[in-house]
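Novice: Questions regarding the structure given below will be posed in turn.
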Amino acid sequence: MVIKPRLKGGLALTNHPIGAKEFVKRQIDYVKSQDKYEGPKKVLIIGSSSGYGLATRISLAFGAGAETIGVAFEKGVEGKRVGSAGWWNTIAFNEAAEKEGLVSKNFIGDAFSMEMKDDVIKFIKEEFGGKIDLLIYSLASAVRTDPIDGVTYRSALKSTTKDITGPTINFEKEVMEETTMGVATPDEIKSTVKVMGGEDWKLWIEALDKGGVLSEGFKTVAYSYLGPKVTYGIYKEGTIGAAKRDLEHTSDVLNDFLKEKYNGEAYVSLSKALMTKASAVIPIFPLYAALLYKVMKEKGIHEGTIEQKHRLLTQMVYGNNPVIDEERRLRPDNWEMREDVQAEVEALWDKVTPDNFKEISDYAGAREEFMQLNGFDFDNVDYDADVDLDELAKLKP
Ligand code: NAD
Ligand code: NA
């Protein structure tokens, strides 16, 4: 079967398993080109198969020699359906890790469930040496079933103030178009906090603590985003911002608990804007990212997913140069938020039109990044070659 890209707005309907291998390999190559670092030895990553969670896993394994457990929600081959990008990323990671003798174990399923927590804890106890040093919380999800009351909540990407209309990029049609984000009901705000807030992170830490699998000095970091003024309406002041504030509150609660019992730490880290499966569907965000890339690349300070996570880990979480704000948040987004960067992005934002957006933004770069998340647009992958789906279907993460 020959696999071609098919898009629907900011969603990729297909992905390329051979391209996924290249996607993972390039991130590994980056980490190997950098100095090794002293980091954690045993790590659990929730949301390990794509975006920031995958990059974190790659940095920790190939940069610090960590053994990793990944939890992700992905699908394998079903009939003529090729499976999800995160499925192939995970298989590619495993293959590369195994070659270097790095232990990697995957749990594919619902991180929000108690069964998943029990399964992971059992594995840590019986086959992973008994304890973990670090938990990374990098979930992006649209739905969560609360394991305690059994209710299923759906997140809504909406405003909490007023209808917000603004430009975005449609990668399918390759146009800049207006999009409107409606106002959330109180119920939708509550549901988004249920899905993307800190409740599940806390349940994980409580379960791991009760299971006796946290080491002395244990750390946990949850990933979040804040963003600049031009995206406040959709992000900071949106439903997702409400959820992220809940996550920040949870980090303080967890930090007090972990400090007391394990001499440990809990942080929220605010990362840089990037194209990922999750961010590509946020209205307005893709255009902001394309303008930001233009400015950051010109200044020589652009980072992709792997560079951003590698800097967070080597300089901040396991290094001596943490950038921490007055709200105790780690700030690897510090280059994105620089005043000169944001001033130039704002100037471009005022100038951008459907006619000039491909020239004045880094549209090509943002689109390429989006395509590569799904294994497409690598110059060294042959996309006309037949992919043997039956053979690939035998592989499991
Ligand atoms: P992503 O979509 O690439 O990754 C999400 C991960 O969550 C995947 O591994 C997926 O399998 C997993 N997942 C989703 N639902 C699950 C479930 N029920 N059970 C188990 N696993 C599940 O997203 P991303 O952009 O890497 O986002 C990760 C975090 O980083 C989010 O908290 C996001 O807010 C944050 N972040 C993203 C950006 C950005 O620009 N993309 C910027 C800053 C912070
Ligand atoms: Na992730």
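Every residue, even glycine, has its Cβ placed from backbone N, Cα and C.
Annotations per TrEMBL:
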| type | residues | note |
| --- | --- | --- |
| ACT_SITE | Tyr235 | active site, proton donor |
| BINDING | 47-52, 73-74, 110-111, 139-140, Lys244, 274-276 | NAD(+) binding site |
| BINDING | Tyr225 | substrate binding site |
| DOMAIN | 2-77 | domain 'Trans-2-enoyl-CoA reductase-like NAD(P)H binding' |
| DOMAIN | 81-318 | domain 'Trans-2-enoyl-CoA reductase catalytic' |
| DOMAIN | 324-387 | domain 'Enoyl reductase FAD binding' |
| SITE | Glu74 | site 'Plays an important role in discriminating NADH against NADPH' |
Novice: Between Gly47 (NAD(+) binding site) and the residue listed as 'substrate binding site', how far is it from one CA atom to the other, in Å?
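Specialist: Spelling it out, the Cα of Gly47 (NAD(+) binding site) and the Cα of the residue listed as 'substrate binding site' are 16 Å apart.
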Novice: Just how many other Cβ atoms lie inside 10 Å of the Cβ on Gly51 (NAD(+) binding site)?
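Specialist: Here the count is 24.
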Novice: Could you give the number of helix, strand and coil residues in the domain 'Trans-2-enoyl-CoA reductase-like NAD(P)H binding' (2-77) as assigned by DSSP?
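Specialist: Computed counts for the domain 'Trans-2-enoyl-CoA reductase-like NAD(P)H binding' (2-77) are 31 helix, 15 strand, 30 coil.
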Novice: Calculate the distance in Å between the alpha carbons (Cα) of Met275 (NAD(+) binding site) and the residue listed as 'substrate binding site', and round it to a whole number.
Specialist: 13
Novice: Whole-number Å distance between the CA of Tyr225 (substrate binding site) and the CA of Phe73 (NAD(+) binding site)?
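Specialist: It is 21 Å, counting Cα to Cα.
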Novice: Of the recorded positions Gly47, Gly51, Glu74, Asp110, Tyr225, Met275, which ones put their CB under 6 Å from ligand 2?
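Specialist: Near the molecule: Gly47, Gly51.
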Novice: For a three-state summary based on DSSP, what are the helix, strand and coil counts in the domain 'Enoyl reductase FAD binding' (324-387)?
Specialist: 31 helix, 2 strand, 31 coil
Novice: If you measure Tyr235 (active site, proton donor) to Gly51 (NAD(+) binding site) at Cα, how many Å is it?
Specialist: 18
Novice: Looking at the recorded positions Glu74, Asp110, which sits with the largest number of other Cβ atoms within 10 Å of its Cβ?
Specialist: Glu74
Novice: Based on Cβ atoms within 10 Å, give me the single least packed residue among the recorded positions Phe73, Tyr225, Tyr235.
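Specialist: Candidates: the recorded positions Phe73, Tyr225, Tyr235. Fewest Cβ atoms within 10 Å: Phe73.
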Novice: Might you list, by sequence position, any residue in that chain lying six or more from Lys244 (NAD(+) binding site) with a Cβ less than 8 Å away from its Cβ?
Specialist: Met196, Gly197, Ser224, Tyr225, Leu226, Val268
Novice: Do you know which of the binding-site residues Leu139, Met275 has the most other C-beta atoms within 10 angstroms of its C-beta?
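Specialist: Its Cβ has the most other Cβ atoms within 10 Å: Met275.
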